[in-house]
Amino acid sequence: MNRRDFMKANAVIAAASAAGLALPAGASNLITSSEQTKLEWNKAPCRFCGTGCSVMVATREGKVVATHGDANSEVNRGLSCIKGYFLSKIMYGRDRLTSPMLRMTDGKYDKHGEFTPVSWEKAFDTMAERWKATIKEKGPTAVGMFGSGQWTVWEGYAAVKLMKAGFGTNNIDPNARHCMASAVAGFMRTFGIDEPMGCYDDMEAADAFVLWGSNMAEMHPILWTRVTDRRLSAPHVKVAVLSTFEHRSFDLADLPMVFHPQTDLAILNFIANYIIQNNKVNWDFVNKHVNFRKGTTDIGYGLRPAHPTQMKSKNAATANDSTPIDFEQFKKFVADYDVESVSKLSGVPEHKLLELAELYADPKVKVTSFWTMGFNQHTRGVWCNNLMYNIHLLVGKISTPGNSPFSLTGQPSACGTAREVGTFSHRLPADMVVTDPKHRKIAENIWKIPSGIIPEKPGYHAVEQSRRLKDGDLNCYWVQVNNNMQAGPNINEEGLPGYRNPANFIVVSDAYPTVTTQAADLILPTAMWVEKEGAYGNAERRTQFWHQMVKAPGESKSDLWQLMEFSKRFTTDEVWSKAVLDANPKYKGKTLFEVLFKNGQVDKFPLADADPKYMNDENDAFGFYVQKGLFEEYATFGRGHGHDLADFDTYHKEHGLRWPVVDGKETKWRFREGSDPYVKAGTGFEFYGKPDGRAVIFALPYEPAAEAPDEEFDMWLSTGRVLEHWHSGSMTQRVPELYKAFPDAVCFMHPDDAKKRGLRRGDEVKVMSRRGEIKTRIETRGRNKPPVGLVFVPWFDASQLINKVTLDATDPISKQTDFKKCAVKVIKA
């Protein structure tokens, strides 16, 4: 042993001794070879939220063994949140699924049978048999898919192709419908193009930050560190936080405001009125770049048509309509929202409302507004987004460093996959929609499929899918990368009945047993994160790639492999109409795999193009560079149309690029001359998503929530996440450190509400609504401090399914669920 190895050995022995550990006599031999302890490090975006942190991933002997923040990342600059620290453990839970499982009795499929391990061949045989029979009997509208903002870009793209171009149905929707659909509709209505115009660089330039329904301290902690650094480094910077309850982000707030649920609409209109009444309108900007419209009102709440609340609405069928108005009409509309009436309605003191409005009105103050689920999970979520843009447009505080209305994404690729790829039931890639015949034609040409394959009618959105499953209209259903039986609303009445409907066949692809897999008929084991090559797109339009670093356990396969392999089971004769095939005989007898994935475009990149240093299971399975082919075909949709992506190989070299990427250069601020290559010289600003290049300011009122407390159900319920857990906890609750940090959900309640009900901290209670109930324990201290009359229950805990209690009301425009407001009562269990 040389001196260096001797010193290393003694260091290990000393450390072990200090920790009270005994090493075997020959332990020094274990470390004499550096090859045996060598770690391979590679970059990957974090698996969790929409921030898009980059992490360095260490592998050894075929396993991920460590992660740390990537110091070269512009997003997180070497930092990780508590979930990011434990990324190395999310794939190694003891109950990881490793083989397909089919409900069987006596060797045959039985909806009421026990889950039994089967081969992939048997799984796909059974699945295809059900799909074919359903399509033959009822047509393609009876099959559907529920996907995810956690799909990789090419997984989502392959799913869209399979459903819309293969099966000829638009019945595909992502779980991003629950989190970002209102943001999408807000962007499209105001700007005609989706996703934020600003970027994270705004955080180093802003003079004020305003959080609307966003607990960044827990939900976007790395971004919150940048906000905190700016606030503490620059004494003039102010932070305002608005929410229906107090949370950790309030710790930094100079201007904290707790408002009554749903009254954010009135507060937003008050700010617009204040700007106008105090002569703070940026007339040069408004005259050149803005139009005014009045939106349709009394639009309902997205409930079933026969629901008494829904039946009262007058304009549900025309919810997205609007009519032109002028500035004077808009001024008159918002004039009713004066500080006295809005303070009374919202519960926010007048002086705080005035101070908030002045932040926006003062031309010397650069303002960045952040919002997430408090705005989007709202029966008027689209309106909230539109009203937020109204304020920034009135004062011209937009598309410049520090001036940004910024919708923060929740999932790692809700932007990059759900939105940009177009995995929604009404969308196609690059902001195109199925209802536009020109858009359908473009997609059919790029996909090299016959005209008429893509239906013009949008498919069933997320909540509608559950209803249609229950009603027997949707009979074959494939769920990937989500846990909707825990995450969806009103699961007792509208979720579980559809999954267990005897007429339906439910397939769930997942890495772990979940509430949703328990309700399935067939479970497919899925590869996770760096067990496959992937790409995500984050909240600032940054696309990031990673290589496959380890093998998935057992027979687990990526969602991409599952989609492509399943497509081999169908020929065009089984899924396309006779009329289409007679008019296009060259497609007859071909498999959907041949039409969609071996079409001369997706399969044109050879295996030699892949980096030989990295494994790639999909390449091995299909014989070509699958991810590159899918990405380059997909990128065709956006190039030259304001959604430009760089070439595939560039992303593996970079730490992500913000689109549009033109001539190799990313775009930080969209719509501004000199920053955005799509803005014409001499215009200053151009909102080119609209034909006339002008953004829209909407006149939209305050309207009440779908369900409010009454004498029997006397409290508001709000649900949400906590720092330690990701969504339904199916990954994070299997990490011991994260589980121990927050093992069980609790009901956060104001001490006065507890006292009124004869309750004390730690008491077991029932949280009950008209739809269902759960048992939990009362928490009157800690991070979340609801006002009197409201309780907060996080939804990560599968043993406390709070979505038994929630209402399946949605925004009538975006179809996004309101998880923040329903009426409950809390009683001692």
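Every residue, even glycine, has its Cβ placed from backbone N, Cα and C.
Residues annotated as [4Fe-4S] cluster binding site in Swiss-Prot: Cys46, Cys49, Cys53, Cys81. Look at Swiss-Prot and you will find Lys83, Gln150, Asn175, Cys179, 212-219, 243-247, 262-264, Met373, Gln377, Asn483, 509-510, Lys532, Asp559, 719-728, Asn803, Lys820 tagged as Mo-bis(molybdopterin guanine dinucleotide) binding site, backed by sequence analysis. Residues or ranges marked as substrate binding site by Swiss-Prot on the basis of sequence analysis: Trp795. Among the features that Swiss-Prot reports, domain '4Fe-4S Mo/W bis-MGD-type' is placed at 39-95. Among the features that Swiss-Prot reports, signal peptide is placed at 1-27, with the record citing sequence analysis.
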For Glu218 (Mo-bis(molybdopterin guanine dinucleotide) binding site) and Cys81 ([4Fe-4S] cluster binding site), the CA-to-CA distance in whole Å is 9
Which of these binding-site residues is closest to Cys46 ([4Fe-4S] cluster binding site) if you go by CA atoms: Lys83, Gly213, Glu246, His727, Trp795?
Lys83
Using C-alpha atoms, which one of the binding-site residues Cys49, Cys53, Cys81, Trp795 comes nearest to Val722 (Mo-bis(molybdopterin guanine dinucleotide) binding site)?
Trp795
When you average the Cβ positions of Cys46, Cys49, Cys53, Cys81 for the [4Fe-4S] cluster site, which other residues in that chain have a Cβ within 8 Å of that mean position?
Phe48, Thr51, Gly52, Val55, Asn76, Ser80, Lys83, Gly84, Pro221, Ile222
Show me the subset of Cys49, Cys53, Cys81, Trp795 whose Cα is within 10 Å of His727 (Mo-bis(molybdopterin guanine dinucleotide) binding site); these are the binding-site residues I mean.
Cys49, Trp795
Glu246 (Mo-bis(molybdopterin guanine dinucleotide) binding site), DSSP three-state class -> strand
Nearest by CA distance to Lys532 (Mo-bis(molybdopterin guanine dinucleotide) binding site): which of the binding-site residues is it, out of Cys49, Cys81, Trp795?
Cys49
Taking every protein chain shown into account, which of the binding-site residues Lys83, Lys532 has the largest tally of Cβ atoms within 10 Å of its Cβ?
Lys532
Summed over the domain '4Fe-4S Mo/W bis-MGD-type' (39-95), the DSSP helix, strand and coil counts are 7 helix, 20 strand, 30 coil
Which number gives the other C-beta atoms within 10 angstroms of the C-beta of His727 (Mo-bis(molybdopterin guanine dinucleotide) binding site), all protein chains shown included?
22
Filtered by Cβ under 8 Å and at least 6 apart in sequence, the residues in the chain of Glu246 (Mo-bis(molybdopterin guanine dinucleotide) binding site) near it are Pro256, Val258, Asn784, Lys785, Pro786, Pro787
Have a look at the binding-site residues Lys83, Gly213, Trp795 and say which one has the shortest Cα distance to Cys49 ([4Fe-4S] cluster binding site).
Lys83
Least Cβ-packed of the binding-site residues Cys53, Met373 (other Cβ atoms within 10 Å) is Met373
Under a criterion of Cβ-Cβ distance under 8 Å and sequence separation of at least 6, what residues of the same chain contact Gly213 (Mo-bis(molybdopterin guanine dinucleotide) binding site)?
Leu242, Ser243, Thr244, Asp264, Trp371, Thr372, Met373, Gly374, Phe375, Asn376, His378, Cys384, Lys820
